[in-house]
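Annotated in Swiss-Prot:
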- 1925-1939: compositional bias 'Basic and acidic residues' (COMPBIAS)
- Lys129: N6,N6,N6-trimethyllysine (MOD_RES)
- Ser417: phosphoserine (MOD_RES)
- Ser1090: phosphoserine (MOD_RES)
- Ser1139: phosphoserine (MOD_RES)
- Ser1271: phosphoserine (MOD_RES)
- Ser1309: phosphoserine (MOD_RES)
- Ser1512: phosphoserine (MOD_RES)
- 657-679: region 'Actin-binding' (REGION)
- 759-773: region 'Actin-binding' (REGION)
Amino acid sequence: MTDSQMADFGAAAEYLRKSEKERLEAQTRPFDIRTECFVPDDKEEFVKAKIVSREGGKVTAETENGKTVTVKEDQVMQQNPPKFDKIEDMAMLTFLHEPAVLYNLKERYAAWMIYTYSGLFCVTVNPYKWLPVYNAEVVAAYRGKKRSEAPAHIFSISDNAYQYMLTDRENQSILITGESGAGKTVNTKRVIQYFASIAAIGDRSKKDNPNANKGTLEDQIIQANPALEAFGNAKTVRNDNSSRFGKFIRIHFGATGKLASADIETYLLEKSRVIFQLKAERNYHIFYQILSNKKPELLDMLLVTNNPYDYAFVSQGEVSVASIDDSEELLATDSAFDVLGFTAEEKAGVYKLTGAIMHYGNMKFKQKQREEQAEPDGTEDADKSAYLMGLNSADLLKGLCHPRVKVGNEYVTKGQSVQQVYYSIGALGKSVYEKMFNWMVTRINATLETKQPRQYFIGVLDIAGFEIFDFNSFEQLCINFTNEKLQQFFNHHMFVLEQEEYKKEGIEWEFIDFGMDLQACIDLIEKPMGIMSILEEECMFPKATDMTFKAKLYDNHLGKSNNFQKPRNVKGKQEAHFSLVHYAGTVDYNILGWLEKNKDPLNETVVGLYQKSSLKLMATLFSTYASADAGDSGKGKGGKKKGSSFQTVSALHRENLNKLMTNLRTTHPHFVRCIIPNERKAPGVMDNPLVMHQLRCNGVLEGIRICRKGFPNRILYGDFRQRYRILNPAAIPEGQFIDSRKGAEKLLSSLDIDHNQYKFGHTKVFFKAGLLGLLEEMRDERLSRIITRIQAQARGQLMRIEFKKMVERRDALLVIQWNIRAFMGVKNWPWMKLYFKIKPLLKSAETEKEMANMKEEFGRVKESLEKSEARRKELEEKMVSLLQEKNDLQFQVQAEQDNLNDAEERCDQLIKNKIQLEAKVKEMTERLEDEEEMNAELTSKKRKLEDECSELKKDIDDLELTLAKVEKEKHATENKVKNLTEEMAGLDEIIAKLTKEKKALQEAHQQALDDLQAEEDKVNTLTKSKVKLEQQVDDLEGSLEQEKKVRMDLERAKRKLEGDLNVTQESIMDLENDKLQLEEKLKKKEFDISQQNSKIEDEQALALQLQKKLKENQARIEELEEELEAERTARAKVEKLRSDLTRELEEISERLEEAGGATSVQIEMNKKREAEFQKMRRDLEEATLQHEATAAALRKKHADSVAELGEQIDNLQRVKQKLEKEKSEFKLELDDVTSNMEQIIKAKANLEKVSRTLEDQANEYRVKLEESQRSLNDFTTQRAKLQTENGELARQLEEKEALISQLTRGKLSYTQQMEDLKRQLEEEGKAKNALAHALQSARHDCDLLREQYEEEMEAKAELQRVLSKANSEVAQWRTKYETDAIQRTEELEEAKKKLAQRLQDAEEAVEAVNAKCSSLEKTKHRLQNEIEDLMVDVERSNAAAAALDKKQRNFDKILAEWKQKYEESQSELESSQKEARSLSTELFKLKNAYEESLEHLETFKRENKNLQEEISDLTEQLGEGGKNVHELEKVRKQLEVEKMELQSALEEAEASLEHEEGKILRAQLEFNQIKAEIERKLAEKDEEMEQAKRNHLRVVDSLQTSLDAETRSRNEALRVKKKMEGDLNEMEIQLSQANRIASEAQKHLKNAQAHLKDTQLQLDDALHANDDLKENIAIVERRNTLLQAELEELRAVVEQTERSRKLAEQELIETSERVQLLHSQNTSLINQKKKMEADLTQLQTEVEEAVQECRNAEEKAKKAITDAAMMAEELKKEQDTSAHLERMKKNMEQTIKDLQHRLDEAEQIALKGGKKQLQKLEARVRELENELEAEQKRNAESVKGMRKSERRIKELTYQTEEDKKNLVRLQDLVDKLQLKVKAYKRQAEEAEEQANTNLSKFRKVQHELDEAEERADIAESQVNKLRAKSRDIGAKQKMHDEE
């Protein structure tokens, strides 16, 4: 809104919105979005700062105060651009977070703008001073404005609610919440003031309001506030006028929006304030108003003084308030009573009860001498209070001091102590005040209840907000529970609106119901077995205390609900007993006094006096209270309530809250959140921490959180294109037309931003949070670049202009200089001098001629001037006239514009009316269809009823007999019900016993698990338990010494007591008793010590067993170490031999190169080499023999792997024999064919290929052998597993059979009970069938009536057809008229366009446009008048609605066309005005054309008149048609009245019949439900038993599988070890490679151990889940002996797994460090066992930690074993590759031998063959060298194979990650099982509740059966009446048809 529009708000404008100047200044303020930020602050929550630097996740910033702070990067929050300063709707902030919201509120509050929107919220801050924003001028300015059209205000919220109610036909509500002192009451008053002012402008008379003795309804609604505030408001620390109750005010409106009535509901009145106030607070205002002495007659009537300090109940705090004038407030309260219609008697009663409460507080009592009973200490105040209450003073005192109490069936008088009497007085005073306040509310509602018709309402909820105090009690729980429900309601509503916005805009969005976020907390409070339920249950038990209530809360919710927590008590604060996690924060609650507060007990003797009071008001207040004797019968029969007195406070609050939520769910809500800025009541000061606390509590930040989930920023396409086109102008070209949406899409797609951060709707573009700020930053950067460029170009242009001027000056100076120099050169010439003299003479003659010419010219100019002056005057006159005409035309255009605006508004209203009518038409059609269906049903039922009418008369006698039988059966069923209740009570007791047994079994099971874990801990807790046990032993020794000292002290005390025996006998007795007790304690201690000693001896024996096992393991380890040493030495030897061989090969190659020299030397060297080679071969054979010896020794130890290795050796030998045969063949070929050496080489190459293939085949055979061996091992393990499983399952089968026998016995008893109940239900069903038969006969009569009604409806349809024909004729006339008018107006438009082209002048165009607009306006007015008439017809006639709807759409199109044409004419007007300015000089020439145009205009006016005459004729014809319509309408109205009467009568009869039928059906359904529920409950019990059995079996199976896994892993480890020992021979040759593999394996082992640490947490969670599953075993396990047996088995399993774990770790790590560590751990365990004389309680606490560590170690061992198996497989693969390489090496060695042999032969041949042969040998040597290189390449390939194995290890790590995922899946499965367990528990609870409800329903049904007969008689009489009435109506209808 502009400043001119804001002027409508008057003086309030500056307090509502920033001016345009301020907005411009804010937008031009320098701002850097990258550095401006908020940082957290200890005092101020957040402060503004500028970022100085960033490094390492830390940000250094400088605050506004100059302070430098360093914070984490995620704690820094960006500031919003200046565009968003003091923004009205905080949801539009681009950076929407806590500091942005806080500072926006703070800056607006500093400018006194106290109202701010936050999405759906309106946040208001208390200004603590008067602001001119509520006067009548502001009310008028806000009326009818949309929320976006006006500044934020409570009036805007109110008006929107009012407008929504009128347009949407939906009830509205305004929810105002906040802390005390935040301004809730003031805003509530303003809302009511607004509604009273805008909705009551019409009729202010009192004729429709008979209850209004004084004042109108509006006055009464406004005056209800002062009356309620006097009795419900009080001064508190924060607020002088704090409402101490919540209220929901419903203001009802009629169909037109006028006030109709109002009513008020109140919640949670603070009763305790009546008798107690804090120092800085005071009681309710009414007490001090009475004592203000403004009305002395009141003081005399109430027998009080004017000094508040005379009365204890009202003087505990302050007695006066500076801001409140109690005397004036008394007059306002009294006048409010008068306006609200209170009688004098009612006013006096209210005042008397208020005075009596003050006297109550002054009553004194004292204790009787030598008794604890109380007696009155003076009766003056008691007499006064009794007089004012209309009681007898003596009876009152007697009732207080000696109330009557019922004991059994008799009443006894009970004596009260002084404290009990004072408590009783306080409770009575509070109860009287509360009931009086509730009566006032009821009385005010009766006054505000008028007889005016009401259709909709607007509810205003004023209730306390969320409360988190240091001390939170029952009241805070109720308030916070209420706010939790309201916040859930808001969350759900808010996101529903967001979703509707997204759906309307066509944005894809997945629905999220944020309303469910708070469901867990709400369920915790209100659901069965919730906090409220447990509180009410405890109130039922006489011996219940606050601590038992706390224990039940802990048992049911601690650890089971995340919202229920154990509080952390802080020193200096009051104790808290439990904590609840609400949406606004965690609240600690103190439960002291909750049971008394909830029960709110009263002295029933005094209440009985109240009921008999002579004061009418007092007797009325307590008339509904049921005392003990009145409620006795209800108790005995188990009724629902013990009257109203037994209804607890929590139950009443829940009931009221459910009603409120039901009301709110039927309304469209609006939310107002009030904020208190500071606690000092200082205006303009805002305390940041206080405000942040409230924003969290009242849901503003919660609302922002929800808003941020979607797209909080949204801009219209046009606005976005206009503002951000500058970012990329090329995306939207200037010259061509592009739709705004397409332009926005192109623009955003061209920018470098995340496309998921925005969405395109139908009319708007939606942005995620923060993106708009990024766009603003990009726009600012773009603008700065553009402005910089413009500035540069402008400066350049200016400088170029200046430079051009300088150049021109220089050129001019040069010309002047040249001319002066030329003149100076010729001025002394004689001819020049002569020229100077003659020149003036020549000029004088010329001047004379010029003067004559000038005189002539002057005369001519003078004449022309005179003519021009005359012409100018004429033109001026014409200009004045034209200007006048122009102004007139402008005024006319403005008037036409206003008229057009009015027409548009009326058109909008018509469109709205059309929509409403369409809705009504739909409703009427639906109603018509329903009525037709009902009519059909009624006619059919009518026929049936006529047929059955005769049968009914016969059945009446039968019914009387059946009724007598039913009465007998009723008595029988009552007896059965009693028996059933007794049986149910017995069942409840059985269930309670079962639950106790269940708990006992759970505890026993838990104890057994603890024992099991303790036993496991004794093995696995190493260093930690050692230290702790040593400390415990020291503590025990210290405690033993202390016990000895205590014993010595006691003996000394005993001797001293014996010496003092003569002093006093009483002290001796006491001391002897003490001595006896101490001796008993000592005996107990000694007994405990002996027990612990026996336990220690057992533990020592166990430790000895463990020590033996450790020694065996150590011996085994030593053997393995010796074997390892032997392997290492063998490997060292082989490595040495290999190095020697390689060295020798190198020497051979060198010698072969030198073979070209002397052959004799070479022969000698060859011989030496051969000798050395022989020696090396012998050494190698010896080494192989040694290795074979060691391998044989190992094979003897491990017989399983001998066969496998033997087969492998056989295969290798076969391959070797083949190779040797081939070698011999090669030798023969070499001897035979020495000349063909090349062919031999080729043959050799081929044979080598063959050998390689054979070797591959051999490898394949070996792999197959390994697989078969592996499968054989698997079969053996499976066999062992199946044997163990069979044994275990046999044992479990025996246990389960015993268990099943127990369950079957229980099931038989339950089935017997169920059969009894079934028999009872069948008897009841027979009675029901008899009644159902009677009901069917009544239905037959009803069907006959419905047939009659159908005939009436057919007649009605006939009339409607006649009416529709008339309406169709009207529609034809209207369409004819509209088409003619459209054609004529189009002709006018064409003619005026031709006129405009001919005139080409602005004034003519203006006149043409004006004429056009006037004609359009006239025709439009006529059409609108006709439309209004037709709309009235439409409202009267439902049948013609469809036709009128089509015509209305046509009219809308025509109106849109005219509107478009008018806009075109406006554009033509603007263009013509521009032309008028440029062509004003040509007006004179165009005068003739103007006159011709006037003639044309007159012709068009004549045509217009003809058209108007035709229109008038048509309107007359329409008027005649309308008369006919009116006559038909009258007939239709009469018929409708008769139809409505008949329909209402039929509906009443049908309703009564349906009601009776429903009652009987409900009774039958309830009986069936009871039967089904009992059967379902029994089935569920059976299912629970079966489920528990299955769970137990599942747990046993899981234990068995874990045991099998352990055995498999152990066998696998042993098998791997055997294979490793068997493969040692092959690994000896490749020792270096094996060492490298071993080092890599160690690295992978370390990685696996690190991975084990990572997965340890997940395994812990899985173990916890397993523990939860194990608890289910306790449901079916009845004996502790079974658990002990399982304990023994599990111990054995643990010992086995422990041994396997140690073996696996020892085999994997392969170092002696682990052995030494285990040795030290075992020795420490031996020491620990000796010192296990610890206290049992301390030992149990430490056992839990140790058990956890044991589980971790066990899981770690399992993981390590599996990793070891995987690593062993990998190692086996590497060993296979190394074996392959070894075989290749052997082959190479064999080829070397062959080559050596050939070399020897070659040398011999060389001796014979000479140099040629030597050259051949050299060539052969070169080929061998090439082969050697090839072998080296193969070696490199083997290295590559090793790298592949490394990649395989990486794949194994990936498999471990998959194992992690499997663990996660297991965890999910465990969670699901836990949820199922909880669901089963919940079902059991619901079954118990259902049983209780079924019993109550059973009792209800009996009562309803008694009422069924009476209702059947009533229905029959109504049917007879309806028959007579329908006959009369049929006769009337026939008469009407004949007329």
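The backbone N, Cα and C atoms fix where each Cβ goes, glycine too.
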Checking the modified residues Ser417, Ser1139 for other Cβ atoms within 10 Å of each Cβ, the smallest tally belongs to Ser1139
Per DSSP, what is the residue tally for the region 'Actin-binding' (759-773) in helix, strand and coil? 3 helix, 6 strand, 6 coil
Of Lys129, Ser417, Ser1139, which is closest to Ser1090 (phosphoserine) if I measure between C-alpha atoms? They're all modified residues. Ser417
For the region 'Actin-binding' (657-679), mean pLDDT (0 to 100): 90
To the nearest Å, how far is the Cα of Lys129 (N6,N6,N6-trimethyllysine) from the Cα of Ser417 (phosphoserine)? 51
With DSSP as the yardstick, break the region 'Actin-binding' (657-679) down into helix, strand and coil residue counts. 9 helix, 8 strand, 6 coil
Within 10 Å of the Cβ of Ser1090 (phosphoserine), how many other Cβ atoms can you find? Include all protein chains, please. 10
At the level of the C-alpha atoms, what whole-angstrom distance separates Ser1139 (phosphoserine) and Ser417 (phosphoserine)? 109
Among all the protein chains here, how many other CB atoms are within 10 A of the CB of Lys129 (N6,N6,N6-trimethyllysine)? 10
When DSSP is mapped onto helix/strand/coil, what comes out for Lys129 (N6,N6,N6-trimethyllysine)? coil
Taking DSSP as the reference, which of helix, strand or coil describes Ser417 (phosphoserine)? coil
